[in-house]
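Participant: Please see the structure below; I have some questions.
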Amino acid sequence: MKVVLIGVGQAGGKLTQRLAQYDQKMGFGAVQGALAVNSAKADLRELDLDTVLVGQDRVKGHGVGGDNELGAEVMQSDATEVMDALDGRITAQAEAIFVVAGLGGGTGSGGVPVLARELNRVYQVPVYGLGVLPGRGEGAMYQANAGRSLKTLVREADATLLIDNDAWHTSGESMGEAFEKINQNIAQRVGLLFASGEAVEGVGESVVDSSEVINTLRSGGIATLGFASAAAAESAEENVNAVTSMTRKALLSNLSLPNAIEADSGLLVVAGQPESIPRKGVERARKWVEQETGSLQVRGGDFPLDSDRLAALILLGGVERSERVEEFLERAKEASKQTEEPDEDPAEKFHNDQLDDLI
Ligand SMILES: Nc1nc2c(ncn2[C@@H]2O[C@H](COP(=O)(O)OP(=O)(O)OP(=O)(O)O)[C@@H](O)[C@H]2O)c(=O)[nH]1
């Protein structure tokens, strides 16, 4: 899938750079363009990407200090500059645009929903969010910001792929130490998702194509991505168990939003040398994903990759009913009460007024 990436805020910029580098290193050619937008000049200077500084008149290049309402305002005021910088990058080949941000901060949190809305107005291709949720150990401001940002981004983007900062967090490790590992995990699995569906010479009909990624995300809402890999034996027959067991691992213990298994739609991609991918194993694993997710729309396909390993990539769409999302929204609502005036409305569901929309 040919994509254009726009990273907003510090985490958004870093992740966009990692994704572009991974795509280049692997020679996939899926990332067609990448841009970083921030209100903090110093964060942009560290990136090896084209950049746009927003909000200079309001914050003088110093960032919005975690104020995501201000983040949304500066993005709105400077939306024309950002859209101008994108001109010519979103070519006829681009199949999707991803706006990338840590949802707990200020610039990215406030800026991405605004940018998603602007992009959706102008471009025909789907606009997806790639959002990072703060870990449980991060402060109330991060949780509250992320709650409002997520709620608004889900409304404005065609779908939002979520990464939970606790997903690969091991005990004893600080959040800062964990970032490197998390970013690497994100670059690999999201990079493989972008690349699956790229045209490959002499492909068979079981090879996945970009429309399957787009169809899986068509239900909108929140999406998650699972990944696992295993050593491959040479013949496909010997790899049936490897495919089913790595599919189990990808879904049950390695989702970017852990335990968000109940889904509207799914896509299982098995990557590896084409002759080592067992048809029977992929079909068996795909059926198993259908049972586990309760979705009757689980697609399956191969991704030919020159590697001595096999990998399973599982994209799930429409996972917003999951406990993990509810648990996060509860946390965000509690944090909003702490950081703002108390709110007496006890409504508990996602589509309520307790977490105000940002825009
Ligand atoms: N996974 C990951 N998360 C990060 C990284 N850097 C920051 N975050 C998370 O992103 C949130 C903070 O967002 P930032 O991107 O730092 O903030 P910002 O958008 O630049 O906003 P301001 O600094 O307030 O202008 C927090 O929840 C962090 O946990 C990173 O490199 N990787």
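Cβ from N, Cα, C; glycine included.
All annotation found in TrEMBL is predicted automatically rather than curated by experts.
Dumping what TrEMBL says about this protein:
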type: DOMAIN; residues: 2-202; note: domain 'Tubulin/FtsZ GTPase'
type: BINDING; residues: Gln10, Ala11, Gly12, Gly13, Lys14, Gly106, Thr107, Gly108, Glu138, Asn165, Asn183; note: GTP binding site
type: COMPBIAS; residues: 330-340; note: compositional bias 'Basic and acidic residues'
type: REGION; residues: 330-359; note: region 'Disordered'
type: COMPBIAS; residues: 347-359; note: compositional bias 'Basic and acidic residues'
Participant: The record names Gln10, Ala11, Gly12, Gly13, Lys14, Gly106, Thr107, Gly108, Glu138, Asn165, Asn183 as the residues that bind GTP; what is their largest Cα to Cα distance in Å?
Facilitator: 20
Participant: Which entry in the list of binding-site residues, Gln10, Thr107, Asn183, has its Cβ near the fewest other Cβ atoms, using 10 Å as the limit?
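Facilitator: So among Gln10, Thr107, Asn183, the binding-site residues given, the one with the fewest Cβ atoms within 10 Å is Asn183.
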Participant: Do you know the DSSP helix, strand and coil residue counts for the compositional bias 'Basic and acidic residues' (330-340)?
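Facilitator: Each residue of the compositional bias 'Basic and acidic residues' (330-340) counted once, the result is 10 helix, 0 strand, 1 coil.
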